[in-house]
Amino acid sequence: MAITRWLFSTNHKDIGTLYLVFGAWAGLVGTALSLLIRAELSQPGTLLGDDQIYNVIVTAHAFIMIFFMVMPIMIGGFGNWLVPLMIGAPDMAFPRMNNMSFWLLPPSFLLLLASSGVEAGAGTGWTVYPPLAGNLAHAGASVDLTIFSLHLAGISSILGAINFITTTINMKPPAMSQYQTPLFVWSVLITAVLLLLSLPVLAAGITMLLTDRNLNTTFFDPAGGGDPVLYQHLFWFFGHPEVYILILPGFGMISHIVTYYSGKKEPFGYMGMVWAMMSIGLLGFIVWAHHMFTVDLNVDTRAYFTSATMIIAIPTGVKVFSWLATMHGGTIKWDAPMLWALGFIFLFTVGGLTGIVLANSSLDIMLHDTYYVVAHFHYVLSMGAVFAIMGGFIHWFPLFTGYTLHETWAKIHFGVMFAGVNLTFFPQHFLGLSAMPRRYSDYPDAYTLWNTVSSIGSLISLVAVIMMMFIIWEAFAAKREVTTYELTSTMLEWLQGCPTPYHTLKTSLVQINHQMIKS
């Protein structure tokens, strides 16, 4: 019965599929909002109305893309599908909690959409800084609904994190050490630890904001002895690990894709890759104030946060060069997932370089809240996280469905998307260097050219999104079934066949000669 299968499912594959479908749907909503933003900015003058409406759209775009697209797809979708298969577990450690983790997301999404629909909407930016988010500048229920939405999404992620940590540590076969698990499993494990440690701090911050708004507390109100900068510290102590949460599972997927399409049986520098991810996870917690260089931190604090931020480039560089070394000497198979992986490596590196620029507190004073920052984080998210999702989706699509995507169209789709996102975000570096500020719906005429170019790029990206929907439809319509897969000895998830049976590995695994086989 469909209702019992999809509503009450405790099967990691079904829940993973639910996450993927939900994330894809939310991604379309987020994409629609981004196109509204670029339509508004395509020429000087107003399109949508006042800046409140514009900022509500910007805020909703950010929340949807982060909490309802990237995280559900990467952690909920790929994580649920692949982690149990890769470690040879029959399912997740807590299958019913897994179900609850998913079903907290649709109500959370509904609350976020409601927040945009009632009163004037939450036009605070995704950071929700007071006093703008206080009950004077944002009277009404909008910000409160946003806070409740974040609470639900946060609970969902914390439960999911507990589940992934328990699963990866406890549900491996006895013969498999933690250092024999695939890199994607490591990336999800580290991501889960980051979620578990950072989300409670966000919950504390937004709960204090909630009481400031409704119960007359003054945590963030100087009139009662509070400090709005405290909120920024609490938010960014979550917010910076969050951006690593968004990219780490992508690192794991890229490692698998690069290894597979280079014809290698393992990635270059496995232990280096693991330690690099652990270093990134740790360092991600001690650099948060680089988002706050303009709030009058003292010079020693600025010097520390500048240096600590730059240190993150080292483990990141280890990963980039290990991916390149994995390809070295291999027989490269130029399939679509490999194109996405190569695009990821190049564009993520570009985004990382602009990040090094922004890490300098002196430069950041001038660049903070300009389009240079927007360009930076869209290079690592819109071209990092999203490219990893696309590559992973195409690579594992046969595993999920038993069908293969149309290879030529998948490559054309990559080309269109690559052109679109670069045309959208590269010019934004120029706008930022010319001091165009973020979060404004209009701008002086001098900025017209690059804004128009950027908006044309967003339309090309839209064409790519529509192409992807068509390519997926085509695969299900044509029903090209998978015939054979190589490298199953080191790619454990493929061992069950394509598509994977509903229940896998009810018997335990034993390890013989580095090959996992059914006992």
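Cβ atoms here come from the backbone N, Cα and C positions, even for glycine.
Small disclaimer: the values here were computed from a predicted structure and weren't measured.
Swiss-Prot annotations:
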type: BINDING; residues: Glu40, Gly45, Ser441; note: Na(+) binding site
type: BINDING; residues: His61, His378; note: Fe(II)-heme a binding site
type: BINDING; residues: His240, His290, His291; note: Cu cation binding site
type: BINDING; residues: Tyr244; note: O2 binding site
type: BINDING; residues: His368, Asp369; note: Mg(2+) binding site
type: BINDING; residues: His376; note: heme a3 binding site
type: TOPO_DOM; residues: 1-11; note: topological domain 'Mitochondrial matrix'
type: TOPO_DOM; residues: 41-50; note: topological domain 'Mitochondrial intermembrane'
type: TOPO_DOM; residues: 87-94; note: topological domain 'Mitochondrial matrix'
type: TOPO_DOM; residues: 171-182; note: topological domain 'Mitochondrial matrix'
type: TOPO_DOM; residues: 213-227; note: topological domain 'Mitochondrial intermembrane'
type: TOPO_DOM; residues: 262-269; note: topological domain 'Mitochondrial matrix'
type: TOPO_DOM; residues: 287-298; note: topological domain 'Mitochondrial intermembrane'
type: TOPO_DOM; residues: 328-335; note: topological domain 'Mitochondrial matrix'
type: TOPO_DOM; residues: 358-370; note: topological domain 'Mitochondrial intermembrane'
type: TOPO_DOM; residues: 401-406; note: topological domain 'Mitochondrial matrix'
type: TOPO_DOM; residues: 434-446; note: topological domain 'Mitochondrial intermembrane'
type: TOPO_DOM; residues: 479-519; note: topological domain 'Mitochondrial matrix'
type: TRANSMEM; residues: 12-40; note: transmembrane segment
type: TRANSMEM; residues: 51-86; note: transmembrane segment
type: TRANSMEM; residues: 95-117; note: transmembrane segment
type: TRANSMEM; residues: 141-170; note: transmembrane segment
type: TRANSMEM; residues: 183-212; note: transmembrane segment
type: TRANSMEM; residues: 228-261; note: transmembrane segment
type: TRANSMEM; residues: 270-286; note: transmembrane segment
type: TRANSMEM; residues: 299-327; note: transmembrane segment
type: TRANSMEM; residues: 336-357; note: transmembrane segment
type: TRANSMEM; residues: 371-400; note: transmembrane segment
type: TRANSMEM; residues: 407-433; note: transmembrane segment
type: TRANSMEM; residues: 447-478; note: transmembrane segment
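Counting in whole angstrom, Gly45 (Na(+) binding site) lies 21 from Asp369 (Mg(2+) binding site) by their C-alpha atoms. Mapped onto DSSP helix, strand and coil, the topological domain 'Mitochondrial matrix' (87-94) counts 1 helix, 0 strand, 7 coil. For the transmembrane segment (95-117), the residues of the chain that approach it from at least six positions outside its boundaries are 7-12, 15, 18-19, 22, 26, 56-57, 59-60, 63-64, 67-68, 72, 76, 80, 141-146, 148-150, 152-153, 155-157, 159-160, 162-163, judged by C-beta separation under 8 angstroms. When each of the binding-site residues His240, Asp369 is scored by how many other Cβ atoms sit within 10 Å of its Cβ, Asp369 comes out lowest. Contact between the transmembrane segment (183-212) and the transmembrane segment (51-86) is supported by 3 or more Cβ pairs under 8 Å, counting only residues 6 or more apart in sequence. Counting residues 6+ beyond its ends, the transmembrane segment (336-357) has Cβ neighbours under 8 Å at 247, 250, 254, 257-258, 260-261, 309-310, 313, 316, 320, 323-324, 363, 367, 372, 375-380, 383-384, 387-388, 390-392, 394-395, 405, 407, 410-411, 413-414, 418, 421-422, 429 in the same chain. In the structure as shown, the Cβ atom of Tyr244 (O2 binding site) sits within 10 Å of 21 other Cβ atoms. Most Cβ pairs under 8 Å to the transmembrane segment (141-170), among the stretches 51-86, 299-327, 371-400, 407-433, belong to 51-86. Secondary structure counts, DSSP: the topological domain 'Mitochondrial intermembrane' (358-370) has 9 helix, 1 strand, 3 coil.
Stretch with the largest number of CB pairs closer than 8 A to the transmembrane segment (371-400), among 12-40, 51-86, 228-261, 299-327, 447-478: 228-261. Each residue in Leu41, Gln43, Pro44, Thr46, Leu47, Leu48, Tyr54, Asp442 lies on the same chain as Glu40, Gly45, Ser441 and has a C-beta within 8 Å of the C-beta centroid of that Na(+) site, without being one of the site residues.
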